[in-house]
Each structure stands twice: as structure tokens, then as C-alpha cells.
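This report refers to the structure that appears directly beneath it.
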Amino acid sequence: MNVYYEQDADLGFLQGKNIAVLGYGSQGHAHALNLKDSGMNVCVGLRSDSTSCQKARDAGLEVKTIADAVTWADIVMVLLPDQNQKAIYEAEIAPNLVPGNTLAFAHGFNIHYKQIIPQETINVIMIAPKSPGHLVRRTFTQGNGVPCLIAVHQDYTGEAKQQALAWAKGLGGTKAGVIETTIKNETETDLFGEQAVLCGGSAELIKAGFETLVEAGYPEELAYFECMHELKLIVDLYYEGGLSRMNYSVSDTAEYGGMTRGPRLITPAVKAEMKKILEEVQDGRFAREFIDECQNGYPNLNRLREENRTHSIEKVGARLREMMSWLIKK
């Protein structure tokens, strides 16, 4: 696996070019501001009625409609929600691209699953910071950066990889390290991680643990602390130093209990189900299911959101978080 640093990237591959960042959310604001502060000529492309227009202007960025931004730009970074990209690409992006332009993404969903099929006469690249946008921005302003992934899907001009590296450098990523991958590998591992571990597996494990304690007669408050609240303490240890750091930091009782009981939960049957989930990502079944869900108005997602919203762990959690002065109330 190739890893690149400061000396491997040249901002000259972006200098003198017009750069459009479409979207001004978590990633969009970080990409636009970091590249602007790196000396690039940047505009933000948004719907004319977007509430983000004024935020971008207040940050010193030029704002254009999406179509105008694409027409103006040499390099276009698409940082719009996955489910919106296809329609916007067909209506406002594709008609305004010209040969030699570069189309960039921070996630490969629409390219990998062929929701977007770019013309052959442009570069298509991916630059994916491995952190939320606020951290991309904060580390940059501190003179550092976060690790990034890059990939080249199409190289029409012969400069696609150099442009991807330059973009990563403009974000601050080459100070941490930039890993070269493929659109396929980024997309499939990202979706699997979200579904099996980060957003799906962990949430279901939390709820199952909470329900087990409550059904056994323990107070909801104690169940919340043990199965939800304290998870952050453990995840922070994983984040800082891996499994070994966590095991070193907890009590011997916790370490022994975790190592001997954990495998009874995550059995070969669980891993077999993980493999099925991965297969659904790999063969496109999940993508087709999600696209159909979006086109039908999110009936399943809305139902599942309501089930989660009304789960008792949410109600007791809301009460307990009122006791935590260090939390930012939203």
C-alpha cells in the first residue's frame, strides 16, 4: 500500500485552476476553507435557497449556483448527500463539464455503483479524509492534518493522481499521511464498517445489553450508564491505542470478563452474518435497496427512526444527560 507525505505532493497541480466545492456541510466547509487558506481559487456551489449560502459568504467564500460553479470550475468536488448526487449530476453537473475537467468525490458510492457514469474525457478522483469535517478544519488551523485516502477512477489528462495528492495536501492530509486505494475498496469497506460495526452492530449491541438488564429488574438508569454512557470511555481508549491500550487501562476484572465472555456474544454465527452483509455490499444488493428506499420516500427508514426515537434507552438517556454539565446541549 502506497502512503504519501508532504514531499510527495505538489500544490502546483491546483494553483491557477478554478475549484468548486459543491455543498457546505461538515466536509464541504472544511474542504473549501482549507483549500482557500492553502492559496487556491475556490468557490462554493449551492442551491440559491440554501441556508448555507450566507454561512459560506460570512467565511469569505464566493458562492455560486451549482450549475454556475461547475461551468466556472476546472475541478469540481461533489460533497452532496449520496442520495442526491445522481439527480444533481444529471441536471446541473454533467451538462456543464468540458473535456479536461476533474470531477472529485470524498466517497465512492455513486461512482462504484454506477449511479454516476462520468464522460470519458474528464478525470475522476477521490479524496476522503478519515475524520469528520470539523476535525479536518481544526487540525489544519493548528498546522497539522488528518489521514486521507485517495483514488483515481479516470485519468484523462495524465495528472489525476497528482491533483488528488495536491488536494489532500491542501487539506493538510499529507502532514498525517495519504493512503492510495481504489473507489471499490473505499466504498465497500466504508459501507461494511458502518453497517456491521459503527452504526449498526454497536447500536444493536447497546440496545440488547440495556434491554437485558432492564428485563432482569435493574433500574433503567444503571442500565444506561453501563451499556451506553460508559462506552465512550472504552472507545476513546481504542481510538488512542487500540485493543491493547483498552485492556491495559481497564481493571483486571473487566479485562478478564471481557476476554472470556466477549467471544460468547460474537460467535462464528455472528461473523457468518457479517460475511452476508459484506456480500450484499459487494454485489450491489444494499445499494439497490437503499436507492429504492430513497425513491419511495424512505418508508422503512422513517419507521426505524421512529422505533429508535421511542426506545426507552432514548428517554432515560435524555433525562440523565441533563445531569451532565460538560455536554453541549443541542
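Heads up, the Cβ atoms here are built off N, Cα and C, so glycines get one too.
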Among Gly133, Gly143, Gly145, Gly158, the candidate listed by Swiss-Prot alongside Tyr24, Gly25, Ser26, Gln27, Arg47, Ser50, Ser52, Asp82, Gln83, Asn84, Gln85 for NADP(+) is Gly133
Here the recorded positions are His107, Glu226, Glu230, and the Cα closest to that of Ser26 (NADP(+) binding site) is found at His107
Using a 10 Å radius on the Cβ of Arg47 (NADP(+) binding site), the other Cβ atoms enclosed count 12
For Ser251 (substrate binding site), the closest of the recorded positions by C-alpha position, picking from Tyr24, Ser52, Gln83, His107, Glu226, is Glu226
Quick tally, other C-beta within 10 angstroms, Glu226, Glu230; top of the binding-site residues is Glu226
With neighbours defined as other CB atoms within 10 A, the best-packed of the binding-site residues Gln85, Ser251 is Gln85
Taking only the CA atoms, the spacing between Gln85 (NADP(+) binding site) and Asp190 (Mg(2+) 2 binding site), expressed in whole angstrom, is 18
